[in-house]
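Shown next, in structure tokens, is the structure this report addresses.
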């Protein structure tokens, strides 16, 4: 059996009991090497699971899937992934490959940011499509996410914005010279995200994102179990963009753009986390037409 | 500490290791009484968790939250909910109440249909807002979901349609007489859902849902661990509407309306589950402009 097991959001104990059983029954256990987006190290996972883990980066999962799948028709083999297995096309690919090889596959689901975002108090059924925001460079500023946010915004829906992470990136020089030397991981901060959003708003000018009238919710380490490690911070884009980055806690960060269908219960829940409660209430009332009782 | 713990989708082993630890440390453990939407009975959960569970229906969670929260400032109290804790406003309410009482709260996330729907092969970021479809009666046929599907459809996005369940419903007579006698639970089947969708399309007539040109994916018991228990069945609305209900397996069922942004990898993944593979491919190509390699 080939198991694809979601690890959930944070640490070694977020695996489900069923997932843990599958890990223990497996002769080989691969860990998709986005470990830096889990909040713990490989060694801690190994100790808790009582298994050695084989690191598999995305290239390996994509290019060497047959190596991972070897003998999975006779033995249990597990691939561990952060969040839920269906968060990334890479996993769809390897499941398709297993299917082609007639290897039985089982998926063990878990929480991912796509549903845990509900922790900010906004209802999941009020979210439109999610978007990704990548690090801009001097010459590369992809902005199709803006159209998606506009589509959601026109319908009054919230948008989950997933912020870029750069893991296992090579510098241009190392890339050219073929040196497998990797830069330290980089995670987009909330102020950087806000600044990029505002840059695109300025160039596109459709009035989708207003510094002083668009409410947003910054989230970090959703589902973390240590006091104060999970952070939720709400405010206008301008308020969030000018906070000291330490306010938002450690990465990973995500950002939610609040849609106009904001319900007063959503508003009330999030208010607890507002940079400035009065400003949050005033804008919810004046711009969003949402009055707290 | 007040814990709100997601149980995930299926059975007693879908709880996370962290969730199980919280259950074991708790002096009282409430189970939100939608047990009939889990695939196992309360007794099996109790045996596995080694704890007696107190059933709490939604009324109790809403009306008697202080009873549930009693002593949670001094002891660990857990509330177990199917899926993820932020799937329903009820849980937002009780968390707000705990906050007002200054009771520390911790949420243990888990998979819910909102992210596990990815098991059908459609990418989560291509989904728009989710909708609910309730059982129609002679006099009550709420159809606002149609506007939501149209909004998603106009943007090419997929729609997750959650099908109604009737749990702890009283007959009109028992309701009038104040008799707490409840009807057996009812779960909307895929053919009923398709029939209701078509009824609304006929009355509204915006051409959002075509029997022969709209592709859809029926899912049941997503994340089930027994062979063949999870079912995914794809086809046109007409194809799904005319299958024998047994094809779709046991409840709970969900339905996905496929949006026009269908990607060929999504299409290829789902094809495995098509009622008629040729029809699936032909419509994906001719109507959705999606050609499989």
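Using the three backbone atoms N, Cα and C, a Cβ is placed for every residue, glycine included.
These features come from TrEMBL:
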BINDING   B:9, B:84, B:87, B:112, B:113, B:163, B:222, B:253  S-adenosyl-L-methionine binding site
DOMAIN    B:1-176  domain 'Tetrapyrrole methylase'
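Listed binding-site residues: B:9, B:84, B:87, B:112, B:253. Those with a CB under 8 Å from a CB in chain A, in sequence order: B:9, B:84, B:87, B:112.
Residue B:9 (S-adenosyl-L-methionine binding site) falls within neither a helix nor a strand when secondary structure is assigned with DSSP, and so counts as coil.
Its Cβ taken as reference, residue B:112 (S-adenosyl-L-methionine binding site) is surrounded by 31 other Cβ atoms within 10 Å in the chains shown. Residue B:253 (S-adenosyl-L-methionine binding site) carries a strand DSSP state (E or B). The C-beta environment of residue B:163 (S-adenosyl-L-methionine binding site), restricted to residues of the same chain at least 6 apart in sequence and closer than 8 Å, consists of B:133, B:187, B:188, B:189, B:190, B:193, B:252, B:253, B:254, B:255. According to DSSP, residue B:87 (S-adenosyl-L-methionine binding site) sits within a helical segment. Site extent for S-adenosyl-L-methionine: the farthest pair of Cα atoms among B:9, B:84, B:87, B:112, B:113, B:163, B:222, B:253 sits 17 Å apart. The Cβ of residue B:84 (S-adenosyl-L-methionine binding site) has 32 neighbouring Cβ atoms from other residues within 10 Å, across all protein chains displayed. Under the three-state DSSP scheme, residue B:222 (S-adenosyl-L-methionine binding site) falls in the coil class.
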